[in-house]
Amino acid sequence: MFQREDWGKGSEGVMETAASDTAGSGRDVAVKGEAAIKPEFLTTKEKFHGFVDSEWQGSKGEQASDNGTVEETKEACVEEPEAKKLKLDPEERTKGWKQDGKRLRGQNKSRPHTKPTTYDEKRLCLSVIQANRECPFGDKCHFYHDVAEYMSSKPADIGESCYLYDTFGKCAYGLSCRFAKAHTTPDFKTMENTDLVKACEGKNPVKNSLSKDLQNCLRKRSVSFKKSAEALPLIHTLSVSGRKYRQLFLHVFFVQSSPDKPPPVKTVGPLTDADVIKLRQCEKKQVDFRDKLYLAPLTTCGNLPFRRVCKRFGADITCGEMAMCTNLLQGQQSEWALLKRHESEDLFGVQVEGCFPDTMTRCAELINNNTDVDFVDINSGCPIDLVYKKGGGCGLMTRTRKFEQIVKGMNYVLDVPLTVKIRTGVQEKSNIAHKLIPEMKNWGVSMITLHGRSREQRYTKLADWDYITTCSKLASPVPLFGNGDILSYEDAMKARETGVSGIMIARGALIKPWIFTEIKESRHWDISSSERLDILRDFTNFGLEHWGSDTRGVEKTRTFMLEWLSFMCRYIPVGLLERVPQKINERPPYYMGRNYLESLMASQNVGDWVRISEMLLGPVPKNFNFLPKHKANAYK
């Protein structure tokens with residue numbers, strides 16, 4: 001592990017290098033699409049990477065890796081694609097295209113998919129970890145049973161203290177923990193802090209885990225969906241013309257809600273009104289969404305440890321990553337993990353994606369009966385091809401009949417509010433959100449979130465906040481949240497002036513999670529590099545708690561940290577900016593920080609992100625490789 005103070009040394013040398021670089025770079029004129037940084041900090045790509053590599057090798061390289069060479073750290077990463085060029089003029093557009101006519105954009109779909117299990121060649125048997133119980137597989141077991149043999153082949157410990165042991169009084173990973181020295185005796189026995197164990201007894205900070213019983217029932221398709229069975233015939237009567245449908249729906253709804261004929265229900269404990277009276281729309285759980293800061297559901301990066309970091313900085317509403325409804329209905333453990341909720345998330349929802357009313361309605365009933373959430377969100381804004389081509393995500397915006405059936409079916413089975421996230425439309429110059437919003441008000445949604453871009457547009461232009469203003473007036477009295485391009489409290493203030501009920505923050509939170517504090521305190525925070533490293537250290541601890549402190553958990557935590565760093569490296573410290581604040585569409589030029597750590601965190605090279613991870617999680621395994629899911633140079 002590293003001492004923070006060492007990274008602040010040598011800042012004078014950094015400044016001298018930066019000054020000499022600027023003198024020869026000739027970058028006095030502002031470049032289109034680049035952030036304006038004070039001239040004394042500007043440098044060139046070659047000199048920047050030369051400085052970062054030499055300083056790492058000279059001062060910290062030997063501690064950061066067992067072998068200690070810069071080349072080996074670079075070999076841990078897959079070579080990045082070329083940086084995408086700015087789209088300046090229509091004539092120059094085709095210059096950045098591939099030979100088949102497709103533009104270089106989006107995700108690194110050909111990136112390597114390395115499973116965390118490959119980093120742990122042979123693990124200790126669970127029977128040994130769990131108080132030396134007898135292994136049910138006997139001689140056929142493929143894992144270690146000899147503790148001494150396992151310890152001789154186990155990778156070196158990362159640090160002297162274990163976060164799980166210090167927090168909960170015991171570490172569930174025992175000898176396989178990569179911090180095992182903190183809670184292991186010389187004769188390989190696992191220690192416990194009895195006082196802490198008693199204090200934490202009965203407490204479960206994480207909710208919404210998938211039980212084995214429920215998983216087995218889902219796999220055998222033996223789960224009962226009574227409410228869905230009632231709702232589906234009703235929503236399919238949408239083919240009946242307006243008045244007949246409304247009469248039929250209201251008749252069946254109030255007949256089934258009649259207290260004269262209560263449905264047979266099994267109750268545990270005392271009988272309550274909710275057990276015998278079906279909740280009407282006006283009786284559902286009410287959530288006050290207005291004037292709150294909403295952390296967007298972010299695929300891959302919006303995991304539980306990251307949401308905990310954002311909650312510390314003041315996020316009001318959090319939402320799980322997008323989950324596929326079909327995978328949830330099949331009982332897939334990996335998909336159910338996206339629904340997990342930490343106790344610190346006081347206003348939490350889950351986001352589901354699907355394209356058929358029957359599966360979405362059953363999924364909503366499943367979530368309603370087996371999880372603790374405050375709202376459920378329908379993702380009708382996902383732009384990726386895999387989802388869109390099946391009719392989900394943005395595809396729902398053009399399939400209004402199916403969309404209506406999905407909303408009404410889910411509303412029928414849910415006891416919590418139903419929200420919807422949409423884009424301006426599918427095509428770039430053909431907005432349709434203003435036509436959908438009045439209809440969605442009649443469907444019964446409790447909140448609408450509008451991302452000010454179309455599917456086709458992606459992130460190539462700024463979000464259209466004028467259009468969001470128009471839509472917010474159409475949505476009233478249903479709250480509408482605006483989303484797009486918020487990276488500072490000034491951006492948030494301008495967004496609030498449009499009349500939206502609240503704002504959702506996505507990339508801005510990935511680049512600087514302290515944006516929630518900035519907005520609530522109305523200030524620009526010139527956060528130091530050591531403070532940013534402390535944020536990453538908190539994420540590391542939360543990740544080890546969530547994914548585990550063994551080798552598999554450590555490498556999974558590292559992978560998600562590297563995905564986050566592919567966004568976080570875009571942050572430019574306030575003290576270095578010539579014009580405050582930084583805009584989200586302005587990419588940072590090469591610059592030297594005020595100390596070495598600040599320069600390292602500004603690097604857009606994958607190898608330097610790996611170095612940062614090594615400061616917190618130890619050296620990477622020999623067979624480690626990584627390429628970010630989202631292109632780190634996708635600034636357009």
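Yeah, the Cβs are placed from backbone N, Cα and C, and that goes for glycine too.
Note: TrEMBL annotation is automatic and uncurated.
Quantities reported herein were computed from a predicted structural model and do not represent experimental measurements.
Look at TrEMBL and you will find 56-70 tagged as compositional bias 'Polar residues'.
Annotation comment: TrEMBL describes 71-103 as compositional bias 'Basic and acidic residues'.
Under the heading compositional bias 'Basic residues', TrEMBL lists 104-114.
The average per-residue pLDDT of the prediction over the domain 'C3H1-type' (119-148) is 79, rounded to a whole number. Per TrEMBL, the feature domain 'C3H1-type' maps to 119-148 (among others).
For the domain 'C3H1-type' (161-186), same-chain residues at least 6 beyond its ends with a Cβ under 8 Å from one of its own Cβ atoms are 123-124, 128-130, 147, 150-151, 154-155, 192-200, 541, 544-545, 548-551, 553-554, 618. Residues or ranges marked as domain 'C3H1-type' by TrEMBL: 161-186 (among others).
Sequence annotations record features per position, and here TrEMBL assigns region 'Disordered' to 1-31 (among others).
Annotation comment: TrEMBL describes 53-116 (among others) as region 'Disordered'.
TrEMBL lists 119-148 (among others) with the feature zinc finger.
TrEMBL lists 161-186 (among others) with the feature zinc finger.
Helix, strand and coil counts from DSSP across the domain 'C3H1-type' (119-148) read 10 helix, 2 strand, 18 coil.
Secondary structure of the domain 'C3H1-type' (161-186), assigned with DSSP and counted as helix (H, G, I), strand (E, B) and coil, comes to 13 helix, 1 strand, 12 coil.
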